[in-house]
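Per TrEMBL, the features are as follows:
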- 184-196: compositional bias 'Low complexity' (COMPBIAS)
- 179-200: region 'Disordered' (REGION)
- 6-30: transmembrane segment (TRANSMEM)
- 73-94: transmembrane segment (TRANSMEM)
- 106-127: transmembrane segment (TRANSMEM)
- 147-168: transmembrane segment (TRANSMEM)
- 256-274: transmembrane segment (TRANSMEM)
- 294-314: transmembrane segment (TRANSMEM)
- 326-354: transmembrane segment (TRANSMEM)
- 360-384: transmembrane segment (TRANSMEM)
- 396-417: transmembrane segment (TRANSMEM)
Amino acid sequence: MGLLDLFIAASMPVLKVLLITALGLVLALDRIDLLGEDARKHLNNIVFFVFNPALVSSNLAKTITSESMKKLWFMPINILFTFIIGSILGWAVIQITRPPQHLRGLVVGCCAAGNLGNMLLIIIPAVCKEKGSPFGDPGICHTYGMGYASLSMAVGAIYLWSYVYNIVRISSSKSSKEVEINDSSASRSPRESSISQLGTSTESLLPSKAFNGSESPPEQLELPSTRFDHKTQMQPGTKFKQYMEIISRKINLKRLLAPSTTGALAGFIVGLIPQIRKLMIGDVAPLHVIEDTAILLGDGAIPLLTLIMGGNLLKGLTGSGIQKSLLVGIIGVRYIALPLIGIAVVKGAIHLGLVQHDPLYQFVLLLQFALPPAMNIGTITQLFGAGESECSVIMFWAYALASVSLTLWTTFFMWLVA
């Protein structure tokens, strides 16, 4: 197959995405206002809670079996590599550009987390339908490709909300602490600051009964760690419960178990348990109407996701300025460094026998290294109020350049696995 044919086959899906994205951007303009901020918010909630889980669960249920799991085990590791390598490169960008503290988590997140769900769900079906595609029968390619993309979306959501969420949280909290310290030191005299610090340190060391005046004997002014009162010792079960509560607050299990992740778990259960699979999967299955309904709902996810993505990029046109070197660094990491490293990782895995000879599967693994930053990073910055406008500018330029970058890398990856 000629390189020109591959280029045409690779450019068509990206052009389709670009046209629908542009339509979403136009509909979000103030003059039209069909896809304004409130409309995008409500529509995004419907996609997030209804369409995405239906799409992921229906595609995984059809493609996931005990045999296919032996082939797909490397994908979560491959995605982990994209996060680790992207984080290292993002740290290098921070060392070179020296951005403000509140933007450092955003930089690492944009370099580490690609759009592993939505973009693959859009690109893979379109690539399979093209005549010049090297992936064989369009129907089989679509079925397995959507399964790979759905698994990628579920695993990517877990990594995003367990890692990038906490990176941005730590970065924003450090920034807010620095601002509070600077404000307090500027508004108070040195004597007042030292007195307040002394009072704070004393309160944290003394037990609460020490402030009851004459009712408390002097012996109670000892440190709490020196007392061995059996009444204050917690039971092991209580300690474990408190420990799990702390972990759930830090990691945010509610976000970690996002609807798409829950949909992926449902898809795994249906696909891997033969009894349930026979009941629900296939035209002759007694409960195939459930599968058909999930597929019908899932089909609406891709166009809506693309329209919302276009509307969200409008913020980047009116966003505040951002350090140009920072923008160039993030785009260089996502569109040059990561894809080149990804080729070495995937080719090394194939050489070691970790990845089977399936051109479509290898193509998806390679493409995971060349995607633009995850759109959910914008949601995370909104949660902590750190770098919202800067994130909009980054997303605008990253997705504007993705039309060129994805076309070139998709062409090269298709030639590489053909």
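First residue shown is number 1, and so on along the chain.
Cβ atoms here come from the backbone N, Cα and C positions, even for glycine.
TrEMBL does not curate its annotations; it predicts them automatically.
Source: prediction; values computed, not measured.
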If you count Cβ pairs under 8 Å, which stretch among 73-94, 106-127, 147-168, 256-274, 360-384 touches the transmembrane segment (294-314) the most?
106-127
Under 8 Å, at least 3 Cβ pairs, sequence separation 6 or more: does that hold for the transmembrane segment (73-94) versus the transmembrane segment (256-274)?
no
How about the transmembrane segment (396-417) with the transmembrane segment (256-274) - do they touch, taking at least 3 C-beta pairs under 8 Å (6 or more apart in sequence) as contact?
no
Using a threshold of three or more Cβ pairs below 8 Å, and leaving out pairs closer than 6 in sequence, do the transmembrane segment (147-168) and the transmembrane segment (256-274) count as in contact?
yes
So what's near the transmembrane segment (360-384) in sequence-distant terms, Cβ-Cβ under 8 Å and 6+ beyond its ends?
71-72, 74-75, 78-79, 82, 106, 109-111, 113-116, 118-120, 123-124, 135, 141, 144-145, 148-149, 152, 156-157, 160-161, 164-165, 168-169, 172-173, 309, 312, 330, 334-335, 338-339, 341-343, 345-346, 349-350, 391-392, 394-395, 398-399, 402, 405-406, 409-410, 413-414, 416-417
